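The following features are taken from Swiss-Prot:
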- HIS95: active site, electrophile (ACT_SITE)
- GLU163: active site, proton acceptor (ACT_SITE)
- ASN8, TRP9, LYS10, GLY169, SER209: substrate binding site (BINDING)
Amino acid sequence: MESIVVSNWKMHFSFSEACNYLNLITSLHGNLNIAKVIFAVPNLYLSGLKLKFNDTYHFSAQDVSMITESSGPYTGEISASMLKNLNVNYAIVGHSERRLLFYEDANTIASKVRNCINNAIVPIVCIGEPIEARKNKTYLQYIAQQLSSISFSFTKNIIIAYEPVWSIGSCMVPTIDDIYEVVTMIREIQNRYIPHNIENSVKIVYGGSVSANNINQILTAGIDGVLIGKASLKLESLTTIIKTVQGLD
């Protein structure tokens, strides 16, 4: 199974900076298997970057509309159908920043996941507990509740990103045992919904303060790859992470 690196740029880079960054990565193409890397860039850049870099890279939207219609009077919204028209094959859904800052709830996230699936876009669904749930030992129940709202997607091609909210951007990383415990539970819950005659195509990645310094250890936690934020904005750390992940295959 190919290991995955999702590079989430968030609201960083001008368009020219984005092009320069990807050009630098292109210069390393002989040493990096780019097919395993998904760049989640600002939605505004998707069309231009895909035009400039053609099929060199996989690109992901950082969000997608919850509106089921492909078009309509919805100011500011970008439908899954619009993304698919650009040949965008991935979209991040339910990132903790959107849950917190934009009050996205389980129904909103489920709608976005369903819209992605209906348009042959692979949703990268972010789940994870706040520090309160970790401290009071209810984190497994918290995560299970998040998963219950998207259980309809478990027979589809999706990526689940486990990102403890308290770990994102904090330099605090769960222990390997902690990550493995959650990953194991996720797989157990998935298996309840997947018939025996259907192959499990769900991949699980870890996100939350992933860096070049801890990637080797994180990869021992039974995951299929990583979702990285800040560390993916610097070429040296990103290439180190990619090379390390490649070593698994």
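Quick reminder: no glycine exception, Cβ is built from N, Cα and C everywhere.
The Cβ of LYS10 (substrate binding site) lies under 8 Å from the Cβ of GLN62, GLU97, GLY229, each of which sits 6+ residues away along the same chain. Following the DSSP three-state reduction, the secondary structure of TRP9 (substrate binding site) is coil. In this view, SER209 (substrate binding site) is surrounded by 22 other Cβ atoms within 10 Å of its Cβ, with every protein chain counted. Sequence-distant neighbours of ASN8 (substrate binding site): residues of the same chain at least 6 apart with a C-beta under 8 Å from its C-beta are ALA40, GLN62, ILE92, HIS95, GLY207, LEU227, ILE228, GLY229, SER232. GLY169 (substrate binding site) counts 12 other C-beta atoms within 10 Å of its own C-beta, drawing on all protein chains shown. On a Cα basis, GLU163 (active site, proton acceptor) lies 9 Å away from SER209 (substrate binding site). Non-local contacts of the residue listed as 'active site, proton acceptor' by the CB criterion (under 8 A, 6+ apart in sequence, same chain) comprise HIS95, SER96, CYS126, ILE127, GLY128, TYR206, GLY207, GLY208, LEU227. Residues ASN8, TRP9, LYS10, GLY169, SER209, recorded as contacting substrate, have a largest CA-CA distance of 14 Å.
Neighbour count (other Cβ atoms within 10 Å of the Cβ, all protein chains): 28 for HIS95 (active site, electrophile). In the shown protein chains, 18 other C-beta atoms lie within 10 A of the C-beta of TRP9 (substrate binding site).
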